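K.L.:
Have a look at the structure that comes next, please.
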Amino acid sequence: MDFSIKPLDAKSTIGSIKTGCIAVAVFEDKKLSAGAQALDRKGEISAALKSGDISGKAGSTLLLRGVNGGTTERVLLVGLGKQDAVTEKDFNAAAQAVVRAFTTLGSSEAVIALPFDTVASRDSAWAIRCTILSAREAAYRFDSLKSKKEPTASGVKKIAFAVPAAAVNSAREAVTQAVAVANGIDLTKDLGNFPANVCTPTYLANTAKKMAKEFKLEVEVLDRKQLQALKMGSFLSVTNGSVEPPKFIVLKHNGGKAKDAPTVLVGKGITFDSGGISLKPGAAMDEMKYDMGGAASVLGTMRAIAELKLKLNVIVVIPTCENMPSGSATKPGDIVTSMSGQTIEVLNTDAEGRLVLCDALTYVERFKPAAVVDVATLTGACIVALGHHNSGLFTRNDDAHDALANELLTAGKVAGDTAWRMPIEESYQEQLKSNFADMANIGGPAAGSVTAACFLERYTKKYTWAHLDIAGTAWKSGAAKGSTGRPVPLLTTFLIARAQAAGK
C-alpha cells in the first residue's frame, strides 16, 4: 500500500481533485466539514445528511456517486461525531471505517480529506499516523505457511492525504514515521504468528543478523559456551530441557553521538513455553508460541527506528530459548546462580521468563545505559489485573523512575498503545523470601505480576529501569487469534520522543 501527501492551496483545492474516491467528514450535529462543503456544490451531501442517510456518528459511512459534477468518481462520507467534541476514539473509528470502505472499493486510488486537526490536543500528524496504521492493520495477512494463499483483496492501493500547503512537511514526516512503525508491527506479528518449529531461538538470531545487514546495525549472537563463560546460570537453567540451542542476541543502532548513553530494550524470547516440569494445561498451549512477544516487539521496534535512521543510540538485547520438560530439565526446588551472583530457588519452572531476563538485565550494566526497558509476556496475573487493554508498567518510585514512567505512559497514549502503572513496593519483596536461596522465583498467588516485577527489580539497581508486562496485549485468542504487534507503537513513539529531546 502506498501513501502520499496532496498539498492544497488556492490553485489545487479539494473540489478540483480528480481521483477514484474522496473521503470527507460530516458531523452528528448535521454539519459538514470544510472538505464536504467544497464538494457540496449541488447540495447532494447536505441532502444525504439531512435525510438521515448518514447519521454523522463516528464511524458511520455513506458512498455517493456523481457528486461535485463528476470530477471525482465517488465521495465517501464518514461520520466524525459532534463537531466541537471529536475525541481520539471518534477519529480512530472514522479512520477505521474509511479503511474498511476502501478495501471493497472499485478503485485503486483515493484521497482522504478529513479535518485532521479536529481532535483536541492532537495535531494533523497524529491523525495521519493513526489512519495509516489502521490501513496497514486491515491489509495485514499471515498466510506464508498456507499452500493456497488467500486472494489479495481488491480496492484502494494508493492513498493520498489532502492537507494545506503549510502542513505538508509535518504530514510527510508523519507518513514516513507511520510506515516505518507499520513495518515494525508487521515484523513483530510475523515472528509471533510463526509456530515454534519455525521461529526458534536460531531463527530469531538469524532475523537479527538479516536486519543488521539491511540497516547497517551492529549484531552479536552469544551461544551456550559464551553464556556459560558469563556465568548466566539462571538463563541457562531454563534451557536444560530443550534440544534447541539458546541464543543471546545483542543488536545496536548507533544513531546518536558516540558519547551519548544508549537506551536499552530487553525482550523476553521464550519461543515455546510448555512450563517445563511444572507443565502447563494442554488447553490453548499452542498459544505459548507467543511467549517470545517481548523479543518480537523489540526487534520490530528496532526495525522501525533503523528505517527512520533515528538519531539515538539504542541497543536491543534478547535472551531466547525454549522451556521444555525432559530428563535433563530443571526441577522444582533446584537452586541456580544468576550472573549477578544471587541465588534463586526455582519453585516453579513455569515462572521462567524472569529467570532469563534477570541475567540479561545484569548483562546490560556494561552499556552504562541512559535507561533500560524490559518487555515480556511475563505473567497471567497481569491479564487478571488489566485485561487485554493496557500493558502493565512497573518501575521504582523516585524522580528518575517517575520521569521514565511518564515518558512511557505518554508515548502509549499518543500511540494508542496504552500502559497502566502498577506498584513496586518493598513490602511485596517479602513474598520472594526463600529458606534455601537468596530468593524464590515465585511469591505465591497474590499480586503475581507485582512480585514478578519485584524479582526483576533486584537486578536493576545500577540504572534507571522500567518493566512492561505485555501478557495481555501481545496477542489475541479466539477467532481473531494472532499477534497484535504491541507494544511496537508505544516503544517507537517513546524512542522518537527521546531522539527529539536529545536533538534540542
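Glycine is treated like the rest: Cβ placed from N, Cα and C.
Annotations per Swiss-Prot:
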BINDING   LYS268, ASP273, ASP291, GLU352  Mn(2+) 2 binding site
BINDING   ASP273, ASP350, GLU352  Mn(2+) 1 binding site
ACT_SITE  LYS280  active site
ACT_SITE  ARG354  active site
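Burial and contacts for the listed features, if you can.
P.N.:
In the three-state DSSP reading, LYS268 (Mn(2+) 2 binding site) counts as coil.
Here the Cβ of ASP350 (Mn(2+) 1 binding site) has 19 other Cβ atoms within 10 Å, regardless of which shown protein chain they belong to.
LYS280 (active site) counts 14 other C-beta atoms within 10 Å of its own C-beta, drawing on all protein chains shown. Secondary structure at LYS280 (active site), as computed by DSSP, is coil.
Look at ARG354 (active site): DSSP puts it in a helix. Same-chain residues at least 6 positions away in sequence with a Cβ under 8 Å from that of ARG354 (active site) are, in sequence order, LEU378, ASN441, ALA452, PHE455, LEU456.
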K.L.:
For LYS268 (Mn(2+) 2 binding site), what residues in its own chain, 6 or more apart in sequence, show a Cβ-Cβ distance under 8 Å?
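P.N.:
When sequence neighbours closer than 6 are ignored, LYS268 (Mn(2+) 2 binding site) has ASP291, MET292, GLY293, GLY294, ALA295, PRO319, GLY353, VAL356, LEU357, ASP374, VAL375, ALA376, THR377, LEU378 within Cβ distance under 8 Å.
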K.L.:
Quick check: in three-state DSSP terms, what is ASP273 (Mn(2+) 2 binding site)?
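P.N.:
It is in a strand.
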K.L.:
Show, in sequence order, which residues other than ASP273, ASP350, GLU352 on the same chain lie with their Cβ within 8 Å of the centre of the Cβ atoms of the Mn(2+) 1 site.
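P.N.:
Checked against the 8 Å cutoff, the neighbours are VAL238, ILE270, SER274, GLY275, GLY276, SER278, LYS280, MET288, ASP291, ASN323, THR349, ALA351, GLY353.
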K.L.:
Would you mind checking how many other C-beta atoms are within 10 angstroms of the C-beta on GLU352 (Mn(2+) 2 binding site)?
P.N.:
29
K.L.:
Suppose the Mn(2+) 2 site is LYS268, ASP273, ASP291, GLU352. Which further residues of the same chain have a Cβ inside 8 angstroms of that site's Cβ centroid?
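P.N.:
Apart from LYS268, ASP273, ASP291, GLU352, the close residues are VAL238, GLY269, ILE270, MET288, MET292, ASN323, GLY353, VAL356, ALA376, THR377.
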